[in-house]
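Per Swiss-Prot, these features apply:
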type	residues	note
BINDING	D199, S256, W360, R391, Y396	substrate binding site
DOMAIN	481-605	domain 'Ricin B-type lectin'
CARBOHYD	N205	N-linked glycosylation site
CARBOHYD	N490	N-linked glycosylation site
REGION	329-391	region 'Catalytic subdomain B'
TOPO_DOM	1-11	topological domain 'Cytoplasmic'
TOPO_DOM	30-605	topological domain 'Lumenal'
Amino acid sequence: MLLLWRRKTVGLICLFSILLTIYLYVSMYPEDNERVWNSGNADIQRKHEKLNNGGQGRHDFDDDEGAEKDEEDAVEKQNIAAPPLPKSFTTFPDRSKEIEIDTDLLGKINGKAEDDLQVEGYKKYQFNGLLSDRIGSRRKIKDSRNARCSSLTYSDSLPAASIVVCYFNESPSVLIRMVNSIFDRTKPEHLHEILLVDDSSEWSNATDEAIKYREKHIIQWEKVKFLKTDKNEGLIRAKIFGARRANGEVLVFLDSHCEVNEEWLPPLLDQIKQNRRRVVCPIIDIIDAITMKYVESPVCTGGVNWAMTFKWDYPHRSYFEDPMNYVNPLKSPTMAGGLFAIDKEYFFEIGSYDEGMDVWGAENVEISVRIWTCGGELLIMPCSRVGHIFRRQRPYGIKTDSMGKNSVRLARVWLDEYLENFFEARPNYRTFTDYGDLTSRISLRRNLQCKPFKWYLENIYPELLPDNTPNQLNNQILVAGKKYLIKMANGTHCLSAENSQGRIANGNRVEMRKCNHMERMQQWKYSSTNELRPMGSSRMCLDSLRGISVILCHNQGAHQMWQVSNAGKLYSRSVNKCATGSNDVSALSTLKFCSLANSFQFVEL
């Protein structure tokens with residue numbers, strides 16, 4: 001009985017304590033006594049959308065309407081006033097080593113003061129500034145590399161890099177954590193210096209706190225140097241400002257809201273050591289602007305549309321049939337622009353950035369085209385990964401249409417006879433004249449003996465070529481049940497199924513052989529389901545899944561369905577490419593974008 005009485009007494013005391021706590025809390029915040037304070041990330045999302053006034057900023061650069069709207073918003077939006085250092089930064093955890101961080105737990109909001117701090121962070125940075133401050137000076141992130149990356153080796157004598165980081169009105173915690181991620185995941189011999197370039201921010205919080213942090217951690221931060229532009233130059237000219245003051249053999253440009261991953265730098269430096277004309281980029285992983293979680297990105301390459309805006313492209317699924325392609329260098333027609341490495345001397349040899357461009361926008365596409373057409377290479381390294389906070393929109397406004405002006409400069413200098421394609425994509429810039437003097441950039445192109453833009457389209461990015469998809473298909477050229485020689489127009493060679501002693505094996509290639517109407521391997525029967533079957537084996541079909549080959553017929557159409565355009569192009573809709581060939585002895589038939597493919601004559605037998 002005594003034990004039971006004690007348990008009841010303890011229970012009543014606990015209940016009384018809880019009720020007293022609730023009473024005191026409600027008394028302190030009577031105006032909010034019906035509000036739920038323990039909001040998680042769903043509540044954060046709603047606040048973020050509210051702060052953006054329902055606006056949808058761009059994540060991808062291939063949204064033309066979004067690009068134009070972003071430009072208009074940039075012109076109309078005014079710079080926000082300089083606020084004081086967030087109170088959340090006064091408890092910024094300074095850690096000596098990386099630890100696992102539970103961002104879900106840290107993201108909880110308790111009380112009106114924290115709620116106000118969170119709202120303030122979104123207004124200032126367009127990401128969760130409060131959560132960033134709580135995460136602290138360093139954290140452990142997921143190693144997002146493919147497992148094969150850890151077995152790769154690199155040269156023992158790699159060049160040392162100057163890392164150039166430009167920022168404007170940045171969060172102190174994000175900037176400090178980025179620098180620490182570099183020190184924690186970079187070998188000292190690979191790092192010459194880190195240049196933090198303050199592009200005349202409206203408030204000096206990030207620089208001031210980073211300087212204080214360096215004073216406390218002078219041994220580790222010894223290689224950090226602080227630079228400041230005389231006036232706000234914009235990202236493009238701020239990068240040039242930093243590059244001119246760098247002393248390392250290689251320049252590595254990083255955005256200020258990044259965290260580098262394990263062994264991120266050797267894959268970049270190794271390619272430049274092999275060929276100083278190589279410009280190399282990491283895979284850009286995502287740091288979620290709301291949850292601050294580190295999210296792995298797939299392997300992809302940079303592309304562009306006729307509006308000259310950047311977009312991401314994904315390699316064809318057949319590319320990864322070789323598992324090593326998850327780690328091999330990948331040629332990229334363009335780069336996103338914020339994160340890349342380049343030999344310092346080569347950067348200035350090819351003209352650095354176009355200093356006639358303003359602030360940011362299109363400079364990444366311009367330098368990409370220049371690299372490829374003027375003798376360089378642009379690669380993406382899957383074993384180098386850097387996380388980047390993708391914000392919905394910039395946290396500050398600009399008073400000029402920099403994206404539009406810069407795109408016009410790019411188009412008028414580099415597009416040659418394809419300039420009209422740009423104006424068709426962006427007709428509002430056809431009469432735009434305030435793009436500045438182009439004389440020096442045209443002279444640079446001539447002095448570097450750069451190839452024409454047509455070469456870039458045909459050899460680097462044929463996806464952009466006009467007429468890649470046949471506009472008109474002719475259903476009268478091939479008739480079901482008939483047999484044909486498929487002969488190159490104005491040529492002497494025909495499509496011929498590869499065989500061994502007259503037998504065609506599943507997966508055999510298709511060769512270009514001198515035409516012989518008696519040769520059964522050159523006779524192709526067209527079926528009612530648009531298949532082309534070699535008479536040497538009626539069970540096989542011409543297939544486009546892995547290039548041009550002969551595969552067992554599956555009667556499903558898809559890669560075994562062929563049509564002919566009015567121009568005589570043999571077209572596979574499933575891969576949106578056409579068969580092509582040559583008159584070279586024993587050449588193989590391949591797939592190309594239709595604008596680059598040969599025309600054929602279909603000779604009925």
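Cβ coordinates are placed from backbone N, Cα and C, and glycine is handled just like the others.
For the recorded site, W360 (substrate binding site), the DSSP three-state label reads coil. Applying an 8 A CB threshold to same-chain residues 6+ apart, the list for S256 (substrate binding site) reads V165, C166, Y167, E170, V174, L175, M178, A206. Other Cβ atoms within 10 Å of the Cβ of W360 (substrate binding site), summed over all protein chains shown, number 21. A helical conformation is recorded for N205 (N-linked glycosylation site) in the three-state DSSP classification.
In this structure, R391 is the one among the recorded positions D199, N205, R391 with the smallest number of other Cβ atoms inside 10 Å of its Cβ.
Within 10 Å of the C-beta of N490 (N-linked glycosylation site) there are 9 other C-beta atoms, taking all protein chains into account. The average per-residue pLDDT of the prediction over the topological domain 'Lumenal' (30-605) is 86, rounded to a whole number. N490 (N-linked glycosylation site) is 55 Å away from R391 (substrate binding site) when you measure Cα to Cα. Cα distances from N205 (N-linked glycosylation site) to the recorded positions D199, W360, N490 are smallest for D199.
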